[in-house]
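Here's what TrEMBL has on this protein:
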- E1215: active site, proton acceptor (ACT_SITE)
- C44, C49, C52, C74: [2Fe-2S] cluster 1 binding site (BINDING)
- C114, C117, C151: [2Fe-2S] cluster 2 binding site (BINDING)
- I221, V222, M223, G224, N225, T226, S227, V228, D314, L358, R376: FAD binding site (BINDING)
- Q723, F754, R868, G1035: Mo-molybdopterin binding site (BINDING)
- F870: substrate binding site (BINDING)
- 5-92: domain '2Fe-2S ferredoxin-type' (DOMAIN)
- 193-368: domain 'FAD-binding PCMH-type' (DOMAIN)
Amino acid sequence: MDGAAELVFCVNGRKVIEKNVDPETMLLPYLRKKLQLTGTKYGCGGGGCGACTVMISRYNPITKRIRHYPANACLLPICSLHGAAVTTVEGVGSTKARIHPVQERIAKCHGTQCGFCTPGMVMSIYTLLRNHPEPTLDQLTDALGGRLYVCVCFSKDDDDEEEFLPLDPTQELIFPPELMIMAEKQPQRTRVFVGDRMTWISPVTLKELLEAKVKYPQAPIVMGNTSVGPEVRFKGAFHPVIISPECIEELSVVNHADDGLTLGAGLSLAQVKEILKTQTYHALLKHLGTLAGCQIRNMASLGGHIVSRHLDSDLNPLLAVGNCTLNLLSKEGERQIPLNEQFLTKCPSADLKPGEILVSVNIPYSRKWEFVSAFRQAQRQQNALAIVNSGMRVFFGEGGGIIRELSIAYGGVGPTTICAKNSCQKLIGRPWNEEMLDAACRLILDEVSLPGWAPGGKVEFKRTLLISFFFKFYLKVSQILKTMDPVRYPGLADKYESALEDLHSRNHWGTSKYQDVDPKQLPQDPIGRPIMHLSGIKHTTGEAIYCDDMPVLDGELFLAFVTSSRAHAEIVSIDLSEALSLPGVVDIVTEEDLRGVNSFGLFGEPEKLLETQEVSCVGQLVCAVVADSEVQAKRAAKRVKIVYQDLEPVILTIEEAIRHHSFFQGERKLEYGNVDEAFKVVDQILEGEIHMGGQEHFYMETQSMLAVPKGEDQEMDVYVSSQFPKYIQDIVAATLKVPANKIMCHVKRVGGAFGGKVTKTGIMGALGSQTPVEHGCPVRCILERGEDMLITGGRHPYLGKYKAGFMNDGRILALDVEHYCNGGSTLDESLFVIEIGLLKVDNAYKFPNLRFRGWACRTNLPSNTALRGFGFPQSGLITENCITEVAAKCGLSPEKVRMMNMYKEIDQTPYKQEIDATNLIQCWKECMATSSYSLRKVAVEKFNSENYWKKKGLAMVPLKFPVGVLSTAAAQAAALVHIYLDGSVLVTHGGIEMGQGVHTKMIQVASRELRMPMSNVHLRGTSTETVPNANVSGGSLVADLNGLAVKDACQTLLKRLEPIISKNPKGTWKDWAAFDESISLSATGYFRGYESHMNWETGEGHPFEYFVFGAACSEVEIDCLTGAHKNIRTDIVMDIGHSINPALDVGQIEGAFIQGMGLYTIEELKYSPQGVLYTRGPDQYKIPAVSDVPTELHVSFLPPSQNSNTLYSSKGLGEPGVFLGCSVFFAIHDAVRAARQERGLLGPLKLDSPLTPEKIRMACEDKFTKMIPRDEPGSYVPWNIPV
């Protein structure tokens, strides 16, 4: 083969030539580090989040057509891009030239918050428009399906009229003519790229491909790198040679014949999907619509998907039952093999031989009286690996309803696709009837056996799906037979027909109704107006700079952590020699390097930075490797050898902690009235419990830090993605043993935080600052997604136990509740979370007698910490679950019991703080009206009476969210405002911009107070250099507190300048900023904090400044056979006081609601019995995607209300909406209860959170759940445990 060491492609229209390129280099780091195009972001590294989406364009010299498609830059080797044109967000539009209409619309429609993943969203939509200038809503939904929605919904006021730039196709980047000429005229030859460890071979003809495969028979053939790439990155696989065929016509063949379709193995799954749209391959199309995201489908090849034979492959079960064949080629000639069970299990006699390649796939057409169906169930509707999937085919010969052929294959229930061959054989010759169905289910369960310890867990759920899917197939075929021969075949019962309908949501829409601005307000006053996010346009153009977007500095080093692999063990020895011997490794930071400062306490109990003696969780930091590149640092970290001696006990679950009395400090207790006496007079007493799983923060920007030594006086600048710069400054100064005034911490913006960028970020900063001191070089540390999820912890899992005493009419007179949270191995904020949970556990209800107690459990898990809502989403769910059970006992609707027990106007909380609940009642009534609750409740009941296998549920929950931080000192805030002589203003304050729009609101405040246009005011970021000693940004108070400080500074300046302004009232700020008058044009602003106190001894206090009220009504539909659910509609009504910026506030409410919905329904952390976190990325951990957003989402506000103590009577809204996500939980609960009642199951219903498809399906008990085998508890070690 002739080697061509030159790689040629274009990026944003500019030619790139690389010689001697390293085949291990992916496009993402190449764009970010080599080309300095930082708009494309690192989110997960595995193609699961969409943050790194770019557009790839390729010219086909044979068809003369250009193909544009979205792709994940994190998985694209640059060696695969020869002759391609890459378009990044910078090439779409910029503020320096011209922004694109897509960018403008996303920004002006308030579709960004933290903005970190926005460039990926822009690229997904932009690529769609390049292919379809007038896309349908279905196409738009599909294009966004490969993206995650942790915080963003688009929102516009119903009455908001906005002018937008028109879409002008003539302004788009053209495909570079040079690449077109190169494809047309340059002789095609195999290209070989040789790196330090890997060789990349790109054959351009079938002959050259075969030669390469003969020479390197073990080398994988890579097309899109969606299978090999993740294995290399996450599983440590390594291939010294990669063969990547390019533009080989035979691999892209599409042949239509009388008996079927032949598709080239090199076609992408997206191309296959487009081809099948014109054919009658409905089953394949169904799976291609939900398989992965749009980016992966455009990269992954049909052949790669087949040959990889992943256990959860969606297509292989279908292709196997469909009698597909594989066309193979080798130097010896052509060969055809069936895609059957032997091939899927890699039986040597039925597999590809060394030197063979898969050229194409034959897919037969269905015959008359032959029926094929596809089934799958995943944690999430779209872009999620199947828990179980299946392909099924039956052939009845010439009719008659007698089975002549039957094929059933399953994915997700074994090491590869499993075929129920014996079961099918025994069913041949039987009529298609109920007796056959019963026999088939028993045969399948007997043949496709799953041990209780099976990888992936969910064993009983998987067993149930095996036969639930077959039942659906039975119903579907029966229905088709009825339409083909109505006389011979009886139809389905009407109540069964809905079992065949899919739940996929399409064409989402919603409304947002803002508050009216006071007509007396001056037009130039921005308060109360829907101002676009200050960085909105920069988010969409990729020009917004985050920590890792900062340019690489001279001599910069990279830091990577070594973490514990045991949950509780003594470290016997640590061997650093192999790691230190690797080229590029500069140092390894150990406990000895910290010079005696190896702990730092933020919440009372000091936490060790590095542990070298006894580890207490998997993921605990042991040491840190410093090298001259990220790649070398991470390689070296894997070479550190640690010997452990396991210790007992290993405490992982709350129940284990209770048994071992393993708690942080003592109990926290809050008591009101006389609970014991009240229990003596009630009509009924109910006892119950609910377990709630934890939640990952899943901020899109992982933990990031850059420490830069200044070269003199021990000064250092630390650039970090943190909510708490002061803490970073303090911990770095303490570990370096220098005064805090030598360490300056800077935060421009944060790509999402949700409470997760405080304590662990500080530890990172402290360890990252050691090397700059030792070696005088800058050090950067960016955690990979899996590392981040492993190390940082998340929301606390909870166990709530309750005892309620109530009257028969639903009035709850006594409530005794115990809360246990899984705090992990160190205290962190666990005690504070328990305290806040107890103070908020009453939610919207007045319980005349109550006793609340709480414990923070010490376990051998990574420390859990703050997460949006801070204890209330857990404690509120416990209370609402109790209310729901009381309603069931009384034979009443939960909504009636909620209303009956709600606070009424002026009242008193359990801690004796006064509350005016007028707006709570108003929100409830308004939500009842706007959601048409009563009418829809009747409609839901009617639907449920007419449908046996699908059920709808409707639920409405109120919200009382107290806002405050239990301490006046913790609510201090400061600001600094400068007026320059040209009349422009610079504002700095102590709050962190992390997507909530605080900087935008601060500029609105300055604009109002100084009576100047917002365009005159600038805000550079947050720094300990300008505003010292600032509190942590969190608790929904960032805008409240810092806004009052900015307001104070502005009023100070106005007061100073009042004599000058009064002399020239018609002047401008340039006139008033009179230097000659010797008046200081700089002022600090200060807010001392809301008065706040809480005495836990007496159970009394005034811990909160005000209350946010709200209500949400949600409707869902569930599939009783699979556990899938669809969010049909949600209506939210909120009391927000007087909104400063309703567009930002709606975004916060919607984003919090979606995050809460994920918490209560699909987000599931999984730990092994040894304490290892399995769910370390978007492949395993599912947050909501676009398909999970309610089909209808409506948000409205109460009219403005006054509260003189807050900033312009506004209220903090960052957290309250999370709890409203439980309206979906209780709607599902309602649907499950309806299913159980119809089946005669009238006993108590216990449903834990998250309410996943597994829990929904197993709660909808029926003949199939009763049919499956059950494993005796204790007879096996489960794959995962609930913590």
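Each residue, glycine too, has its Cβ placed from N, Cα and C.
The maximal spread of the FAD binding site, taken as the longest Cα to Cα distance among I221, V222, M223, G224, N225, T226, S227, V228, D314, L358, R376, is 28 Å. If you draw a 10 Å sphere around the CB of the residue listed as 'active site, proton acceptor', it holds 26 other CB atoms from the protein chains shown. Only F754, R868, of the binding-site residues I221, F754, R868, have a C-alpha within 10 angstroms of the C-alpha of E1215 (active site, proton acceptor). Shown are the binding-site residues F754, F870; of these, the residue with the fewest other Cβ atoms within 10 Å is F870.
When the CA atoms are compared, the binding-site residues lying within 10 A of G1035 (Mo-molybdopterin binding site) are F870, out of the candidates C114, N225, F870. Cα spacing between F754 (Mo-molybdopterin binding site) and the residue listed as 'substrate binding site': 10 Å, rounded to the nearest whole number.
Note on the binding-site residues C52, C114, I221: the fewest other CB atoms within 10 A surround the CB of I221.
Under DSSP, the residues of the domain '2Fe-2S ferredoxin-type' (5-92) split into helix, strand and coil as follows: 16 helix, 33 strand, 39 coil. Shown are the binding-site residues C74, M223; of these, the residue with the fewest other Cβ atoms within 10 Å is M223. Note: the Cα of C74 ([2Fe-2S] cluster 1 binding site) and the Cα of R868 (Mo-molybdopterin binding site) are spaced 29 Å from each other. Between the listed binding-site residues, namely C44, C49, C117, the fewest other CB atoms within 10 angstroms of a CB are found at C44.
In this structure, the C-alpha atom of S227 (FAD binding site) lies 15 angstrom from that of C44 ([2Fe-2S] cluster 1 binding site). R376 (FAD binding site): 26 other CB atoms within 10 A of its CB, across all protein chains. Ranked by how many other Cβ atoms sit within 10 Å of their Cβ, the binding-site residues N225, R868, G1035 place G1035 at the bottom. Put simply, C49 is the one of the binding-site residues C49, C52, Q723, R868, F870 whose Cα lies nearest to the Cα of R376 (FAD binding site).
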